[in-house]
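Asks: What TrEMBL records for B:127-415 is domain 'NADH:quinone oxidoreductase/Mrp antiporter transmembrane'. Positions annotated as transmembrane segment by TrEMBL: B:6-24, B:31-52, B:72-95, B:107-126, B:132-150, B:162-184, B:204-228, B:274-296, B:308-331, B:368-390, B:402-423, B:459-479 (among others).
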Amino acid sequence: MVKSGTLILHTAARILMPLQLLFSVFLLLRGHDEPGGGFIAGLVAAGAFTLYLFAFGVSATREVLRMVDPRDLIGMGLLFGMASVFPAWFVDQPFLTAQWWTIPGIDFYASTPLIFDIGVYLAVLGSVLAMVMTLMEVDKDEP
Amino acid sequence: MRPEVALPVLLPLLSGAISLLFWRSRPMQRFTAVAGNLALLGVSLWLLVSVIQEDYVVIQMGGWQAPFGITLVADMLSAVMIVLTGLMGLVLSIYSLASTGDGHERFGYYPLMHLLLAGVAGAFLTGDVFNLYVWFEVMLVASFALLILGGEKAQMEGAIKYVTLNLLASVIFLSAVGLLYGMVGTLNMADAAQRLAVAEHQGMVEVLAVMFMVAFGIKAAAFPLFFWLPASYHTPPVAVSALFAGLLTKVGVYALFRFFTLLFDQTLGYTQELLIWGAALTMVTGVLGAAAQFEFRRILSFHIVSQIGYMILGLALYTPLAIAGGIFAVMHNMVVKTNLFLISGITRRLQGTYELKKMGGLYRERPWLAVAFFLSAFSLAGVPPLSGFFAKFVIVRAGIEAEAYVVTAVALLVGLMTLYSMVKIWNEVFWKSLPEDNLVPTEEVVVGDDSRMVPPSLWLMYLPVAVLALFALLIGVLAEPLMAMMNQIGEQLMNPQGYIEAVLGADVGIEDALIEAPDEEVSP
Amino acid sequence: MATVILISQVLMGIALILAFVRVVRGPSLPDRVVALELFASIVVGLVGVYAIRTDVSSFLDAAIVIALMGFLAAIGFARFLERGGPRDD
Amino acid sequence: MIETIKGFLILTGALFMLLAALGILRLPDLLTRMHATTKAAALGVILIMLAVAVHFGEVAVVARAFAIIVFVLMTAPVAAHVIGRAGYFVGSKLWSGTVKDELRPNYDPLTHELKSGLETDSNAVHQPRENDPK
Amino acid sequence: MMQFAVLSGFVLAAFAPLFHRWFGERVSFVLAAFPAALALWFLGQMPAVMRGEVLFLELDWVPSLGMSLSFVIDGLALLFALLITVIGTFVLIYAGGYLKGHRDLVRFHIVILAFMVSMLGLVLADGLLTLFVFWELTSITSYLLIGFSHADIEARKSARQGLFVTFAGGLALMAGLVLLGNAGGSWSLAEINAGGIDLREHDLYLPMLLCLLLAAFTKSAQFPFHFWLPNAMAAPTPVSAYLHSATMVKAGIYLLARLQPSLGGTEAWVGILSVVGAVTMFTGAFLAVRHTNIKKMLAYSTVMALGTLTMLLGIGTEGALITFVTFLLAHSLYKGALFMVAGILDHETGTKDITAMGGLRPLMPVTAVVAIIAALSLAGAPPLFGFIAKEMMFEAALEAEVFGWLVLLLAFVSAFLTIAVAAIIALRPFFGERRTTPRVAHEAPLSMLLGPACLAALSLLLGVLPVLAGMGVLTAAASAVMGEPVSVYLSLWHGINLPLVMSIVTLALGYLLFKRWDRVRAHLARLDPVMARGPEAGYEAFMHWVTVVSEWQTRILQNGYMRNYILVMVLVLIALLGNSLLLRHPLEIAFELDVRFHEVVVVAMMVLGALFAAIARSRLSAVVSVGIMGFSIALTFILFSAPDLGITQLLVETLTVILLVLVLFRLPRFASLSTPLERVRDVLVAGSVGVLITLLILTAWGIDQFVPISEYMIENSVPLAHGRNIVNVILVDYRSLDTLGEIFVLALAAIGVIAMLKLRAPVKPAKPAAQEKESSHG
Amino acid sequence: MTGAIWNLLLALAWVILSGDFSGLNLVVGLVFGYITLVLIEPQVDALAGYPARVPRILKFLGFFIKELVQANLRVGFDILTPPWHMKPGVIAMPLEARTELEITMVANLISLTPGTLSLDVSDDRKVLYIHAMFLDDEEELRRNLKEMEYRALELFR
Amino acid sequence: MEPVMAVAVGLLYAAAIFLMLRRSIVKLVIGLILLSNAANLLIFTTAGMTRGAPPLIPEGLSAPLGPVADPLPQAVVLTAIVIAFGVLAFAVVLIRRAYEIVKADDLDKMKETDT
Ligand code: NA
Ligand code: NA
């Protein structure tokens, strides 16, 4: 008979997890200019979900994630990563050559490095989350 | 823009990612396995054609000129290894369709295989030291996961050794990379070769050389660093064993060839001596290890070690011919050793065991399987005109021409001992009658890899075996084009200037890299 | 100012040592975990002071990360204990 | 002036850190040690971050310094609660000078149930809640 | 035509199953047409060869190695080719009868055809490698033929033994040929033989010679490698008749003859060949007398003949060489016939024991006649071809200069022993009182009689008309062996001379021995314990030794103890690093101390954390210490200008601790498992690594010779890559390929973890324990 | 209503953290805040009536800091002087706070105040168990704690 | 600072190797963790350590104002840290599964696959 968290931890997790996720996105997006980037952001996000896991257990966390299995996150992350590889081919530059596109109207640049970093983010998040979740899931199932 | 240099890495990565994303759909996984590996073989042939035409093909990834970005570069050695990787990938993916069970497929068998191939291809193509480390890790972690797939007790025990000792190698490798960068300030192999050649502190160059030697020696399973291999290679699902046997250790050998021709040729003498004795002891210990075994895959595993010695000897003798022979041995071994493992899988399926003593009668029951085994096994022992003959002959010739008589004699004796083991298997599995107490069950066999019932005569398992056996024969009978390639490899590796110029550009000099020019290097 | 920073660094350095002594002495796992938590807090302090000293505000991001994520390990340990894991002392 | 404030904040912050460290070393049992760390260390961080805010003076940095303060205030007590509770429940010894323990009688180590002592018969039964493990 | 001759057989072998389907029982005759046709073709080449013309054919094979498939027909090749094809024809026909209805007849045909062409390729080969390739092919096909009755453990053992010995010789051959090719400056035998280089003067003459002799001796069953040949009698008799009398075992002799012009005549050559040949000759003859198994007797008598041939090559005079070709031909004819007769006896009576047979003449009259004629030739009785050969052999033995007395003595003794053997074989089964045999004997079918009858007839014909042989192929063959033209004149009557006297004496002694054979055998049986320590025991001991050493080595090296593995690897690293860093080169260390208190404290915490983790008594203390170390490392990174690293380290450390905690829950507490002494040793080893690493870092750090490539990265980060965090720019742009690989590593690790935790080995249905064991035990 | 407030808060947090006060960045922040809230939406139910409390928050902050420093000094004194003056013990404090957020808030504030440490809340959420260092005057302590709770709850109600 | 770091890294390697030579799988895996950290620090130290000059370029500039720490080893170490994390996570779970199956923490009881 194990409690998956106390009232205080529940509340804290509910407040802290969105904060941490937000922070992770922040780290992701400005990583090109300041400390941060896909790895760090992905790890922070994974930490956020880990907190939630500790507080509420696996099935509640799955509910938060809705239909997205961590494994899907991994696959998506990897595909995002691969997606930044090939655009250069269309302009006859070597693979992975950074492509920068100005989004018209606003002062924002989309680029393959950004796509790549998002891929890194998702892959790191998915991988770490998958590991932690599986470990906890298995522990629960075992006598 | 030379896509063909990068595609052998990128395609399996893509296949792996797609396969992972569709982890719920088994048909999709199986389709990706075959289609992806077919595509991989296609691009690797494209690469080979390019290399035949141009000697070196280079792509500067990310558009950053070497040595600042990561360069992928293919010379003949890389191209040949890549083609073999593609071939192994295709053959094994087809075999796996039959040999791999539900459980394995649901838990990432095919993605792992794709990514393993990507790691191998990356290691063969990269021109960057740290990038090589990354591909080694990709390959390694993929192999970890494949090794434990199924979770048998033996797998776990084997995996602990495999994982630990390989991680030790990785750390030594990584440390050496760090020291290399600290010393010469570059990670590009061609650039590092240039810089190391003029480095003032040759003692440190030698230190780096031995560190890389130990790291790759562990990866390649050379004496006395091979323990992880015989402890683990016989434990995973058989297609995985075959993949490991065919590809993985060869990457360590490749790295040794690359590093000790490109980066460290100047320290020859001492390192050469180390390599020669390492090679000799590797051959002997491996082959003797096999002599003591009575389990199909264990025998084969120890023989991997022994054959690694042959290959390293090719490098250690350090003549174009010897290197050609070493790489020929690599090529031949990939084909043959993979096939022997695949055959062991079929025999296991037929008779429910890998224990030689419990098997028998297959010469009569499965004559074509017997032919395939005979071709592969006797090729391994170096019987002409099969593939292994040239590997052996060229190295023996090179050894005699280099006046390395002792080690050549050892190589010859090891050939005899190889025959010993192969004949043992042949006598026990094929010639001997099936022991009374292990008669083949008449109904379908439950295979250990998973609980799926499979008819024992799946043609998907025989097809790859037949193809590889044919290769074992054809590589020997039609050796000329291959030998010409091997000779080119020997020439290219012994003259690394071509590689360096292909990567860095023809007009590049060492002057820019020096903080101040050393006195004796100043030319008027 | 440099002196103040130096002194504060020395003080926090000593604090690190003391926290570590508690990690070694235990006696129980919770004691060690508490010391680890303290260690992390002191690291935040050191980073803050270092940011001032070098005038590089980017270091603060590291402090944010510790502040936000550092307590996760403690929660992990606590969960371990509550699930009946041995205290090992 | 600003320098003085900064210096004061830094020094006090560092001193609180040291105090916390001394506390964790000297205090006799887990819970009393936690008193030292949770508060003194948090206060130390807060003071130093105030110094950071003063030092840089830019909006972005100040915001980040305050974010750190807020985060510390949010996480430190949670961690303390979780560890303290776990430590207490798995039987960390209380200091011999402890004068009172109103928790122990209300705690069932087998079921991990924690009563309030204010239960009426009707609500004394443990009601399953949504987040209990199945 | 020549490539057809050599290679078409392989094709035929491949299509043998088809022929079986088409021709059924008659397939043997159909297949025999192939060697018969070849024999005719070779006969057709005779005039040209007699004129001294050499037919040459070269096919490119691996020109990059200087290897071609080249063939040549000279006298020696022609002699062998004729033997191979003619006897091959008869053997194929014979086998059709012998193995009639045998379920593996198809496989037999495939392999024996393959063998036949391998043998042809071997004797026709001109390229050194061509020779080698076919040499090895004969070993392999012979292996398959000896092991034909593979369900029988003796057959398997014998096959393996034969293969081993000949394969070992093959390895020596490879080395020898490479030495020969390098020394002779050519990969063609003809060129080497004709070339101007005197190989006898070459520095590597002796090793080269020894390698080649080893090859020849193993293949041709010379003492002390003779033991495999009698054991090879496990093969069906057609195989014995073909391989182990007429063809394969003569491959070694062929090699020696081939090399005689370029390597022969030296002291080493003459000494080794004469003595080994003579000893082999005696050994064979002596051992033949000891046995009662008819096939073994014939096998040992073959050994004797092979020894004789070697001895003749050793003596090396013109006469000896002419004798060599003559003896070769004579032996092939009568031994082929005798083996087939032995096969008939075995086939018809169901036993190979000659003492179990008797009085068979009325039942099998034709066989008896054939047997007697062939045996007379073996005994060297006039007017058979064997007589001429033996006379010439005595003559040659008298010419022997090196160890002449020994050679002569052994030749004499061997001769009378052989006569006794011949008598036993020809007389015991057919005369005397009728014995009951396992099978009721009757005359063999025509297919089985044709071969021996023809061969026996040839022995007789050539004995009466030796000029047929002398004029024909033997002259050409002897010239090839001699390296210069010789003329061969053979005659039955040489006048009354010493050889004739010796012949008469040996005949008498032989007859005496035949009469007292049973008693002599009983006496010889007392020698059994001595004989058991012969060369074969050496072979057995070697095989045993291989097993023992390999098991010992595996126990020592692959001992299963992980810490020993790690220890060995670490010691190797220490030795190599230490040697290069400290011993082979001067140590150059840069040293410059500039430290701050808090930095030292942080670094000290890092180290102490690690050390405490190493010695902690409890796992969780160790984990907390790892955490301390991690935080300290992170702080170190931050203090030394690497905020990204610091943050990453912090996060990774936190997650690692969480993982450890999640996992440790299931794991046992630490236990102290090693002895204090082991711990001291490990501290020393680990400490050495630490010291070396420290020195390495300091050395590498002190080198400031090169501009790091990162300068370019720093300069171009903003202008070209549009990023101000250079580390991130490196990760996602300059070196994005690394990062790409890295996320795949993480993904792989996650897949691995999921698979490991969720994919459990299926619970096996209640199977016997043996099944369970087999997956994990060796 | 609650959701909208949190959304705005998160957006502000975003703007502050990123240090970019442009309108676009606020929009970005709102979007991310929205996404985050969508993620946690099923779990959060106690966020009613937040915005009107800023002045009260400030007042409370002052009170809290005073407590924090005062009590810290007391603890520090006890640590630094060899004989122990403390009289630690665990007491049960009946809770006024009802919602999870309130209880957590109160418990955390109590934890942050030196000398008191929230151990746990009883299963029926009626009592907070607190470890206190100075139980010399338990009534005084309980009064202080109640005041803290009262002031804190004021912020929410 | 490098000499101090060099000694520290040496000690880290030593501690790691010592742990890896134990018979307990838990110690083994902790040794692996130390070892990978040690290697990262080796790279970091060997390339040279710089105080207070992170490789960041202030906004609006195209190059750093003064000399900054070498960013390349940092990127390399960052990659290595994450790789090591993945690998070690795998290793950690592996020892757990191995323990579940073999039922012993003692590596000496896991030698069946060798001989
Ligand atoms: Na340096
Ligand atoms: Na440097």
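Cβ from N, Cα, C; glycine included.
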Asks: Run the contact check on the transmembrane segment (B:31-52) against the transmembrane segment (B:368-390): 3 or more C-beta pairs under 8 Å, excluding pairs closer than 6 in sequence.
Replies: no
Asks: Could you tell me whether the transmembrane segment (B:459-479) and the transmembrane segment (B:368-390) are in contact, taking contact to mean 3+ Cβ pairs under 8 Å with a sequence separation of 6 or more?
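Replies: Contact criterion met.
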Asks: What residues elsewhere in the chain lie close to the transmembrane segment (B:6-24), defined as a C-beta under 8 angstroms and at least 6 residues from its ends?
Replies: 32-33, 35-37, 39-40, 43-44, 46-47, 59, 61, 72, 82, 85-86, 89, 106, 108, 110-112, 114-115, 117-118, 121-122, 124-125, 135
Asks: Check the transmembrane segment (B:459-479) against each of B:72-95, B:204-228, B:274-296, B:402-423 and return whichever range has the most CB pairs under 8 Å.
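Replies: By Cβ pairs under 8 Å, B:72-95 leads among B:72-95, B:204-228, B:274-296, B:402-423.
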Asks: For the transmembrane segment (B:162-184), which partner among B:72-95, B:132-150, B:204-228, B:308-331 gives the most CB pairs under 8 Å?
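Replies: Selected stretch: B:204-228, with the most Cβ pairs under 8 Å.
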Asks: Mind checking which residues of the chain, 6+ beyond the ends of the transmembrane segment (B:308-331), have their Cβ under 8 Å from one of its Cβ atoms?
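Replies: Long-range Cβ neighbours of the transmembrane segment (B:308-331): 77, 80-81, 84, 220-223, 226, 249-250, 252-254, 256-257, 260-261, 268, 272, 275-276, 278-284, 286, 387-388, 390-395, 397-399, 401-402, 404, 407, 411, 414, 475, 482-483, 486-487, 489-491, 493-494.
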Asks: I need to check the long-range neighbours of the transmembrane segment (B:72-95): which residues 6 or more away from its ends have a CB within less than 8 Å of a CB in the stretch?
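Replies: That would be 5-6, 8-9, 12, 33-34, 36-38, 40-45, 47-48, 50-52, 55-59, 61, 110, 113, 117, 120-121, 124-127, 190, 239, 242-243, 246-247, 250, 254, 257-258, 327, 330-331, 334-335, 338, 342, 345, 460-461, 463-465, 467-468, 471, 485, 488-489, 492-493, 498-499, 502-503.
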